[in-house]
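One structure is given here, and the rest of the page talks about it.
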Ligand SMILES: C[S@@+](CC[C@H](N)C(=O)[O-])C[C@H]1O[C@@H](n2cnc3c(N)ncnc32)[C@H](O)[C@@H]1O
């Protein structure tokens, strides 16, 4: 079938769920990944066609898109800080807001001195690996509770040529770390159960719930535990960085003040929501 006809089928089948621009972008990402064709290839060769066998992966992807499976899980690929990451149902899809957190760390620390960095709840490894790549003098360690996520993160480090030490542990049960750090960063689970109703159905259906949710009655459980550890394992003057629930910025400032962290500052994401906080020991 001609590629342009397949594109029309995509629009017809998906128009009830996605807008036309999104459908175009899905289609072009798929033909790029599967056949190395770009938008330009199709514009220059409008009659280009695929054999039955060749077109099969496109129709399989179409069926998954109809079920609202995120394109990143279909392609098993996500882009973050200019790097390519494998993602599986065991890892959260890295978000653009988290790229802003990584950028903020790069702007805050002194890139010329050796830094020991700990990323807690690493998932695909996106934060740890991006920091290891962008901070030449950093020694990066990353923790997650999920051994399956860590397998993916290890492959991502290898594929991106990054050196990261990975450790499987439950941070809520951890009372000791083996060394001190200059930076501790975490994007822990922070979505309250009460916020479930306002979430997109494709996030709820496909993304790992251990990566997302916390109990309504204790939404800062991870931040409390990590701040307690940071009090003991962050160097004097070291920085603690968190991605946060946009509705809990004030509570996060209070938590950090309660634990005697200094110079805390909230930062908004590109959508204007309080999305990250940093503070110094
Ligand atoms: C919001 S995701 C962040 C993933 C990745 N850092 C990112 O920014 O895309 C939270 C991560 O914390 C991990 N996690 C959940 N509970 C944990 C625990 N008790 N100890 C350590 N990691 C945990 C999850 O497996 C998940 O990978």
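Cβ atoms here come from the backbone N, Cα and C positions, even for glycine.
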*Please state which member of 112, 159, 161, 187 TrEMBL lists alongside 121, 122, 123, 124, 125, 144 for binding S-adenosyl-L-methionine.*
187
*When you look at 121, 122, 123, 124, 125, 144, 187, which the record names as binding S-adenosyl-L-methionine, what is the longest CA to CA distance in angstrom?*
12
*How big is the gap, in Å, between the Cα of residue 125 (S-adenosyl-L-methionine binding site) and that of residue 188 (substrate binding site), rounded to a whole number?*
13
*Could you state the CA-to-CA distance between residue 188 (substrate binding site) and residue 121 (S-adenosyl-L-methionine binding site) to the nearest Å?*
6
_Euclidean distance between Cα atoms of residue 189 (substrate binding site) and residue 124 (S-adenosyl-L-methionine binding site), Å_ = 14
*Any further residue of that chain within 8 Å (Cβ to the Cβ centroid of 187, 188, 189, 190) of the recorded substrate site*: 121, 186, 191, 211, 212, 214, 222, 243
